[in-house]
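Remarks on the structure that follows.
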Amino acid sequence: MKEPMNHSIRELIAEKSTRRTKWAEIMMPKFFLLCAIISILTTIGIVLTLFSETFSFFREVSILEFITSAEWYPLHNDPSYGIRPLITGTLVIAAIAMCIAIPIGLATAIYLSEYATDKTRRTIKPILEVLAGIPTIVYGFFALTFVTPLLQRFIPDVSIYNALSPGLVVGIMIIPMVASLSEDAMSAVPRSMREGAFALGSTRFEVAVKVVLPAALSGVIASFVLAVSRAIGETMIVTVAGGSNPTTSLDVTSAVQTMTAYIVQISLGDAGYGTTEYYSIYAVGMTLFIFTLLMNVLAHFISKRFREVY
Amino acid sequence: MKAINDTTAQSYPKTQKRSSLSGREIKNKLFKSLFIGATAFSLLVLLVLLVQIFTQGIPYLNWNFFTSFPSRHAEEAGILSAFVGTIWMMAVTAPVSFVLGVGTAIYLEEYAKKNRFTQLIQMNISNLAGVPSIVFGLLGLTIFVRELALGRSVLAGGLTMSLLILPIIVVAAQEAIRAVPGELKEASFAMGATKWQTTYRIVLPAALPGILTGNILALSRAIGETAPLIMIGALTYVAFLPEGLLSQFTVMPIQIYNWTGRPQEEFHFVAAAGIMVLLVMLLLMNSVAVWIRNKFQKRF
Amino acid sequence: MIAEKAPKQMQEEVKAEEKIVYRAEQLNLWYGEDQALKNIDMDIQENEVTAIIGPSGCGKSTYIKTLNRMTEMIPIVRTSGRVYYRNENIFDKKYKVEELRTKVGMVFQKPNPFPKSIYENVVYGPKIHGIKDKKLLDEIVERSLKGAALWDEVKDRLKENAFGLSGGQQQRLCIARCLAVEPDVILMDEPTSALDPISTLKIEELVQELKENYSIVIVTHNMQQAGRISDKTAFFLNGEVVEYDNTDTMFSSPQDKRTEDYISGRFG
């Protein structure tokens, strides 16, 4: 026979468990599933929104004009909607940005993963995180009020709004991204591979460039592609410092307009709901979305497809 | 002839080896300094940026700046409405994104079966993370402002921001939940606890520091975002405070954008002062996040 | 020798029928393609300590984890056969696994207290099963900690985090956590393998005391431990029960050559 108290606890529990309502067991999983579905709905919402409003746009503007025309004058009396100038502006800025971000980002990654001591790494990485966490409007302010005047001092042709300054600053903005993603890829290369090369008498630089970098190449390239995607989607820096002059010219000293900057320009203006201008931001947004989506998928593909098996 | 070849073959490589080693060492040193230089470049830029902003902003940063509405005169301009607007927006974004993000993470980590649907959700989340913020603005404009007729309101802006930072929160929460040791869950299940009891009483408390850190970092991203709110139609000149969720509003980054766009140089200084407020706010939030991370890091 | 024992054994079996806690019939278990348990037929008696011994990978841990269906936590596990707990098949679709685990407590290989206070660790079970009365909970804490021979060491710091306890104390806390819901059976999966000799001794003494009120199944890789504390011992090898008998009988005159080899330390 057991102590009577023991029985009372066991019986109490048995009694409570038959009475207990299990609504949480049934409802909570459903609620969590709902939360998860909202993330899917967000994507569907984005695609549907862009599609339907872009469709409205193409009812008024021919898709052929949109793709082939080299002129983007939506606010003229005789408007012209050729996306090429906006794409050119976007790509010019992205290209300048990558010229900064790739060498500096990669060099930073190599330094952090191959040369730096643990202590240095622990100091520098948070600083890079700070750099990555600075709002883009702050970078935009920096581009307009510091970088542009600085450039003007060296290159007199540079106008107040130009492609060069925001391009450089976008590049600076994405350095941390390239550095941290590339460093992750390089740190994942097993120590044994490095040791093998060191044992053969290689210098640190040779190990970094001939062993680690090739082994981490897919991750490094994926980081470049993601950075391009980020540069293409960047808005405030180019809006503040790039100007609003849609052009197919490759002159980096004069004003340009990117896809993102155009969307902002129209949003700030008084383009009424239902006008062609209003719909045009969706067509441009759609183009932007497709560009970045392709880049992201490509990056995913590169890092998955060519993932080294150590 | 053959003999000569042999001797050169023996002696020549030696000297070449020695000279090339020193060449290689020089190369190593040279590139090392290049790499250090590249790393230092980022730090230098950060320094210049901060110095530039602080030297311009400090003269304008006084008590009036915090208590005044924007003005046509740079000396009288203040950040009050933008600051309050940011707080209002956060009051919507923080709870909504927390519930949605953590809910999604719990679903994926604790409940979801390993099937295609789960993979789809997971892939979808990493894709959303790569969508430019301005596209979220287009979504918010169409769905929240127009379709749901919320207007250009705090609520519309807050909801748009919630969706924007959702992927960051989900991924951080998933990592935190995954880091909870399996033994704890086992112990709870072995006591006869149900899945929800185990999740609620064991997993969530243990994962909370990581979840909070991720949330704060995500919110600090939302505080600095400008483009989506311009799309939503958050105003650039607001001389009133929001009175409710359906009021019109502005936020700090938009106010800063507005000042930056003015031709008068004094307004650039006001913008710098605004940036200082924004940066200090972000710094505080990040410090809290890091503090939470460090305080609770070594618990298991 | 077997013939001599038979009539007496039969009598005992009739009496024992009511006192059987667990009965496994043709229990098989696979991890994916690998079979970990093969045709297990085994009864566990009430208020006894049943030790499960055998070399690593013999299925002893797997067996004990099927008794409270913890094996379900691993998605690739498949089982066949029947396991009766108090005459109910626990693999039955309608059988509520939470109820089973409430009545059958488990102590794990590595002490796994929750990252909560000592007090909260003990009341975890009662709380999830709906007991909210503060006075009753206080009572349960004191009784369970006393039952686990931990009360005197921790009574002044019940609000402190359980992670501050030593390994042996943590394991006794885990036992107290089990006792708090007054289970019927306690399963112990190598409870002393991560502990020092003194803590091990304390747990062994505790097991002896607990058997007054509970049925205990204990997995151990330590044969001496099985000899010291158990009433019955089962020897597992390659997923099969090679021999299952009274501990004294098994250690003094094992029937199977393989048992003898294992006990005398020739392998494992």
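Placement of Cβ uses the backbone N, Cα and C atoms for every residue, glycine included.
The list of residues near the transmembrane segment (A:31-51) in space but at least 6 beyond its ends in sequence, with Cβ under 8 angstroms from a Cβ of it, reads 282, 285-286, 289. Under the heading transmembrane segment, TrEMBL lists A:31-51 (among others).
Sequence-distant neighbours of the transmembrane segment (A:86-110) (same chain, 6+ residues past either end, Cβ-Cβ under 8 Å): 72, 128, 163-164, 166-168, 170-180, 182-183, 186, 208-209, 212-213, 220, 223-224, 227-228, 231-232, 234, 238, 242, 246-250, 252, 256-262, 284, 287-288, 291. Residues or ranges marked as transmembrane segment in TrEMBL: A:86-110 (among others).
According to TrEMBL, the feature domain 'ABC transmembrane type-1' maps to A:87-299.
Positions annotated as transmembrane segment by TrEMBL: A:130-151 (among others).
Residues or ranges marked as transmembrane segment by TrEMBL: A:163-186 (among others).
Among the features that TrEMBL reports, transmembrane segment is placed at A:207-228 (among others).
TrEMBL lists A:279-302 (among others) with the feature transmembrane segment. Under 8 Å from some Cβ of the transmembrane segment (A:279-302) lie the Cβ atoms of residues 46, 49-51, 53-54, 56-58, 60-61, 66, 74, 81, 83, 86-87, 90, 218, 221-223, 225-226, 228-229, 232-233, 259-260, 262-263, 266-267, 271, all in the same chain and six or more residues away from its ends.
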Who are the long-range neighbours of the transmembrane segment (A:130-151) in its own chain, taking Cβ under 8 Å and residues 6 or more past its ends? 158, 160, 162, 164-166, 168-170, 172-173, 175-177, 180, 234-241
